[in-house]
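Peer 1: Provided herewith is a single structure, encoded as structure tokens, for subsequent inquiry.
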Amino acid sequence: AVCVSLLGAANIPPHPLNLINFMEMIRYTIPCEKTWGEYADYGCYCGAGGSGRPIDALDRCCYVHDNCYGDAANIRDCNPKTQSYSYKLTKRTIICYGAAGTCARVVCDCDRTAALCFGDSEYIEGHKNIDTARFCQ
């Protein structure tokens with residue numbers, strides 16, 4: 001099933017192209033009843049920052065994604081949060097384009113891996129908006 005929701009799209013503030021690409025990848029891989037925003041403050045690592053031990057498989061996806069962005073940032077002139085890239089959503093998978101090892105390809109691969117991981121991991125409602133000071137040390 002394909003999920004499309006344009007309701008309220010006119011009120012969405014502009015984001016860096018990379019974030020838009022990542023959101024599109026996430027929407028492509030997660031269950032239809034979820035929105036990409038439900039993953040923005042989940043566990044210890046999904047969202048801004050992160051600390052402690054990931055609390056479940058989904059949170060581990062975000063932990064790995066954070067580390068992947070950290071590795072990408074070591075590429076000369078690479079800012080993973082703003083880097084644009086080319087990709088294709090097809091046959092329930094995601095294909096990244098570009099030369100291996102380039103900033104664009106590495107960042108795309110980080111986002112691709114995370115989005116596919118989200119699709120394969122259970123979303124536990126009780127792990128949304130957790131008390132990070134208590135559970136993420």
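Cβ coordinates come from backbone N, Cα and C, glycine included.
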Peer 1: According to Swiss-Prot, Tyr45, Gly47, Gly49 bind Ca(2+); which one of Asp56, Asp66 is annotated to that same site?
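Peer 2: Checking Asp56, Asp66 against Swiss-Prot: the Ca(2+) site match is Asp66.
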Peer 1: Look at the disulfide annotations in Swiss-Prot and name the partner of Cys46 from this list: Cys3, Cys62, Cys68, Cys78.
Peer 2: Cys62
Peer 1: Using DSSP reduced to three states, classify Cys110 (disulfide bond) as helix, strand or coil.
Peer 2: helix
Peer 1: Over all shown protein chains, what is the count of other CB atoms within 10 A of the CB belonging to Tyr45 (Ca(2+) binding site)?
Peer 2: 25
Peer 1: What three-state secondary structure does DSSP assign to Cys117 (disulfide bond)?
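Peer 2: The three-state answer is helix.
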Peer 1: Filter the recorded positions Tyr45, Gly49, His65, Cys68, Cys78 down to those whose C-alpha lies within 10 angstroms of the C-alpha of Asp111 (active site); answer none if the list is empty.
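Peer 2: Candidates kept after distance check: His65, Cys68.
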